[in-house]
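Notes for the one structure printed next.
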Amino acid sequence: MAPHRQHPAQFQLQLDHVNGSENKPRTIAQQLPPLSDGCSRLYLCRHGQTDYNMQRKLQGRGVNMPLNAEGVEQAKYLAKAMKDVPLSAIYSSSLKRAFQTADTVAQLHPKIEVQPFQEVEEMNFGKLEGHPMEVHKEEIHTMFKRWKQGEYNASWPGGESPMDVVHRGVKKITEVVSNTPPKEQVLMVTHGRFNKIVLAQMLHGELTHMTEIDQNNTCVNVIDFDHATQTYHAMALNNINHLPGPPSV
């Protein structure tokens, strides 16, 4: 696993002001600074909305829900925002909701075929999978408290711990970006809790900050990987300026 170093987001993606009145999302390629020498760029995204998102049900590695109608539209907005980015590859979790989102982006990059990976699937919530969060709120509160106290090996009953996700997820992401030549850019669509965990580890070197990282549906995290120092630099986190309305769950 690559060494890590804390890097706060250096660049906040903005809305374009048209004639001083109408706000329209600019494409991501128009907003970001150019890649530094020796760096590759990863666009790490969350999938679009599903019915379980709306119903506040736990949707982990064991739940393979497709996007709902709103999620399909969100994926289209993401694809439009990414259309001018010169991507060399598109990756995703092998779960439907992530693959559908990535495939929608790929439709505007016709020479690229989405490559799915099991290693970047959502955290496994064990026996809580598919259940309303409200039903298990005490268990969830207790688990989050243990994590906050540094018990990152604490796992859901029958499921995974944050460190389980780090071991499979950060390893795979590091493999992908290490094999992405400098100056090239790739996109990967994964999941909310997964992203919180791997971003905390990659950017801070530990998991203390994982509960502070928001991840809305189809958000874009722009992460530059320096091949010489083997470090990650956050250029933007949880960007949803491509969406026309307020964030979903």
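Cβ atoms here come from the backbone N, Cα and C positions, even for glycine.
TrEMBL entries are annotated by machine, without manual review.
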Checking TrEMBL, the member of Arg97, Arg146 that binds substrate with Arg46, His47, Gly48, Gln49, Thr50, Asp51, Tyr52, Asn53 is Arg97
What three-state secondary structure does DSSP assign to Glu122 (active site, proton donor/acceptor)?
coil
So if I measure Cβ to Cβ from Thr50 (substrate binding site) and keep only same-chain residues at least 6 apart in sequence, which ones fall under 8 Å?
Gln59, Met65, Pro66, Leu67, Asn68, Gly71, Arg97
Cβ-Cβ distance under 8 Å, sequence separation of 6 or more, same chain as Arg46 (substrate binding site); the residues meeting this, in order, are Val189, Thr190, His191, Gly192, Asn195, Gln215, Asn216, Asn217, Thr218, Cys219
